[in-house]
There are 2 protein chains.
Amino acid sequence: MNDRVRVLLADDEHLIRGALAALLALEDDLTVVAEAASGPEALAMAAAHRPDVAVLDLQMPGLDGLEVAAELRHRLPECRVMIVTGHGRPGYLKRALQVGVRGFLPKTVSASDLAGIIRTVRAGGRYVDPELAAEAISAGDSPLTPRETDVLELAADGSPVAEIAERAALSPGTVRNYLSSAAGKLGAENRHAAVRIAREHGWL
Amino acid sequence: MNDRVRVLLADDEHLIRGALAALLALEDDLTVVAEAASGPEALAMAAAHRPDVAVLDLQMPGLDGLEVAAELRHRLPECRVMIVTGHGRPGYLKRALQVGVRGFLPKTVSASDLAGIIRTVRAGGRYVDPELAAEAISAGDSPLTPRETDVLELAADGSPVAEIAERAALSPGTVRNYLSSAAGKLGAENRHAAVRIAREHGWL
DNA sequence: GGTCGGCGGTGACAAATGTCACCGGTGCCC
DNA sequence: GGGCACCGGTGACATTTGTCACCGCCGACC
């Protein structure tokens, strides 16, 4: 395999994306074949340029990195996907691995590390930042049922129960039961603290 | 002035900081004399290297960009300060200008723009991203009194009123009055929605 | 001096919320 | 078939909360 590694770079922050592209261009065996500033754009560029490795920012307009990764898995199975994140909460990592992401790292790594990881992933390997991995493991799985998670998510903006019930097409009593149960499982004093705790663990 | 512009770069994300340093190094008239990964480190490096321009990320461990900017203003008045932010909420901009920041821009600008803005700021000019400026102006000032803001901040983690009252050394009744007043001013249905709205406007 | 806004407080009341017990239905697994 | 967990719901109850009126005390401003 003497071809250069074809890389797709997706990040909504031009400054970072441009800088990254410049740095990766310094590596002899890497070529940035496409750049994107949003989720949908990343998908389009991937389809057009068929990169070997896609480096996706977690937070992007339109579709976030995980959604793009899930799509890419179906549309371009041979393309390896890596997620780069600013300040990553655990939970994202787990979801990322579930959609077939091969690399997951914070932006605190150095550029030369990034290049090395791209090569590793290209060769079929995996890389997960040790610190994020440790956090994810210690955080564990969400104790909430799917429905509890849904309702808690609807409660996230501080809406009163009546509104949540309407949006969830549930009885207000049921909503309160779910919220009470969720708050109990999370050790929160009320649903609002529960939202915060779930957010911190990446369960929301 | 044929000296090169001495730049301090502070960002907790190595990847970005390194990439930025590499890009700025390509400019003939700019020199990155120091890098920092945290607020306190930024202050130390600034004191040691006395840069002409400090480029600070808004969110950093220890002290955030605004706090560093405020300190620098006293300790190194001749050093111009610029703030770079990922996804900036309005309100930060206003506070930034109040502590004497000369440039305020999102990370969506290009590297060449950044270099140009560094030169502008170095020459005594100012630069504020037009989009952020528009948001800040339309957002306007906080309608909350200082005390209301304090109490709302204590309510931000979802604590019950009794706990807020204790932490604020206030009577529970007074706390409820402040929260009610704040929610009214912000058009929120309850204090939790009020917290969210205040956050979105950068008033918290 | 008077007015006004912010601060801190009290008391009372209505509404929202949290909590518990309990119901039926479903699907899964042993 | 019997457990068991999840879903959706009802009703009752105590607590928390939001809301309002009203109090005094400052300090600023006219």
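Here the Cβ of each residue, glycine as well, is placed from N, Cα and C on the backbone.
Here is what TrEMBL records for this protein:
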| type | residues | note |
| --- | --- | --- |
| DOMAIN | A:6-122 | domain 'Response regulatory' |
| DOMAIN | A:137-202 | domain 'HTH luxR-type' |
| MOD_RES | A:Asp57 | 4-aspartylphosphate |
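Mean model confidence of the domain 'Response regulatory' (A:6-122) amounts to 89 (pLDDT, 0 to 100 scale). Broken down by DSSP into helix, strand and coil, the domain 'Response regulatory' (A:6-122) contains 53 helix, 27 strand, 37 coil. Assigned with DSSP, the residues of the domain 'HTH luxR-type' (A:137-202) fall into helix, strand and coil as follows: 45 helix, 0 strand, 21 coil.
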